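First comes the structure, then the notes that go with it.
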Amino acid sequence: MSQLLTSRQAEELHKGIIAYLTSVNLHHSSAALREELGDSIRVDDTTLKKYEGLLEKKWTSVVRLQKKIMDLEARCASLQSELDTATPTSLNRKNQDPVSWLPRAPARHDLESHRSPVSCLAFHPIFSSLASGSDDTTIKIWDWELGELERTIKGHTRAVLDVDYGGPRGGTLLASCSSDLTIKLWDPADEYKNIRTLPGHDHSVSAVRFIPSGAAGSPMSGNLLVSASRDLTLRIWDVTTGYCVKSMQGHGDWIRDVTPSPDGRFLFSGGDDRVARLWDISSGDTKSTFLGHEHYIECVAFAPPTSYPHFAALAGLKKPPPASSSAEFVATGSRDKTIRLWDTRGNCIKTLVGHDNWVRSLVFHPGGKYLLSVSDDKTLRCWDLTQECKCVRTIVAHGHFISSLRWAPPLVKDAGANEGANGTEAASNGAKEDATKMSIRCVLATGSVDLKVRVFAA
């Protein structure tokens with residue numbers, strides 16, 4: 001066997017081993033090693049003190065270097081992927097069109113403070129605030145432009161499973177839900193004071209979303225909130241009173257996700273029964289069911305009206321539905337590693353294959369051309385609806401499972417009013433506007449089991 005160490009390095013290693021064995025009270029082992037080495041090495045109390053902790057330091061430094069190498073390799077792979085798909089236009093950042101902007105590595109900010117996996121994210125509809133929820137029971141508020149932690153919110157007693165900004169006209173609130181069976185409302189204008197707790201669900205509350213203004217002609221513009229739970233129900237709440245105004249049943253197992261349509265007339269949900277459902281909010285009835293996934297449905301999304309022309313081409317329609325239509329196309333992501341695109345009658349238009357593990361979250365680009373997804377395979381993928389849903393960019397975004405993905409909602413006129421603040425659609429009045437008339441914010445965030453939130457921005 002070839003000698004890898006010089007005689008001096010071998011001597012230092014032996015002294016380090018003896019010092020370590022002595023420090024952990026393995027005196028017999030230490031004495032045996034000294035006897036084996038004989039006169040080739042001399043160890044006294046001064047030597048033991050000098051070499052104490054040496055092995056631990058070298059071990060931890062090796063682990064740190066290995067992690068750094070893995071991060072650099074992942075970043076190189078991501079950059080190579082971008083180069084492979086780059087065009088002269090995409091390389092010119094100065095002339096970037098927000099409608100075509102896609103995230104690229106590295107992230108602008110790595111936000112670290114959570115002590116357990118990050119489970120959910122939400123952008124403030126106007127300001128540069130980003131909320132993150134975690135299994136550590138806390139919600140953290142970050143300034144995503146500066147990359148700084150603003151505050152930590154405590155109140156839930158178990159894992160926080162979802163967060164969302166929205167609320168009554170002129171008064172944005174933050175909603176959160178948890179495995180502790182409750183929904184909590186927080187007031188950003190009053191230092192995120194907990195203004196209301198909504199009990200009622202009989203099991204973990206897995207998703208919460210504000211319903212955009214004017215749902216089904218309701219006079220309670222912006223006052224409505226929908227929640228999904230492991231108790232197999234969807235519940236609609238009036239946030240001004242705290243009362244549950246409607247409970248909807250139909251799923252046969254845990255409801256993992258729910259999202260409202262841009263005009264607030266419909267809900268789309270999915271869960272462990274492998275069925276997605278489209279609901280009419282005003283009647284509480286299921287309008288359509290979506291069958292085809294072979295495992296639990298983890299995430300659902302409504303396609304924005306800006307994407308209708310691309311969906312129409314995929315579906316073989318002669319002309320797209322009008323942009324004023326409330327809910328024409330949807331997407332689902334599953335543990336079967338696929339994403340499915342549907343019309344709202346329940347017909348599967350396209351199945352997107354590429355992820356190597358559970359698909360955990362979906363978001364449509366506000367410009368309508370792309371669908372973005374994150375997965376337990378640690379990647380963020382961008383799918384081009386104009387190229388038969390080809391995956392045009394893959395970013396290794398985290399070192400562990402990616403649990404959440406949110407896009408900062410576009411700024412629209414009358415931004416002080418309630419907006420579809422879930423990061424996947426604009427306000428109901430903004431949904432009718434062309435993408436070029438919206439102020440698209442080229443900012444998105446991902447959250448991971450690696451305890452990090454990453455912000456990607458132009």
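Residue 1 is the first one shown; counting continues down the chain.
Backbone N, Cα and C define each Cβ position, glycine as well.
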**OP:** Name the residue range among 4-31, 60-87, 228-255 that Swiss-Prot annotates as coiled coil.
**Re:** 60-87
Subject >> Sequence-remote partners of the repeat 'WD 2' (156-196) [C-beta within less than 8 Å, at least six residues beyond its ends] >> reply: 116, 119-126, 129, 131-139, 141, 202-213, 221-223, 225, 227, 237, 239-240, 242, 416-422
Subject >> Chain residues in Cβ proximity to the coiled coil (60-87) (below 8 Å; excluding those fewer than six residues from its ends, i.e. six or more beyond) >> reply: 104-106, 378, 392-396, 399
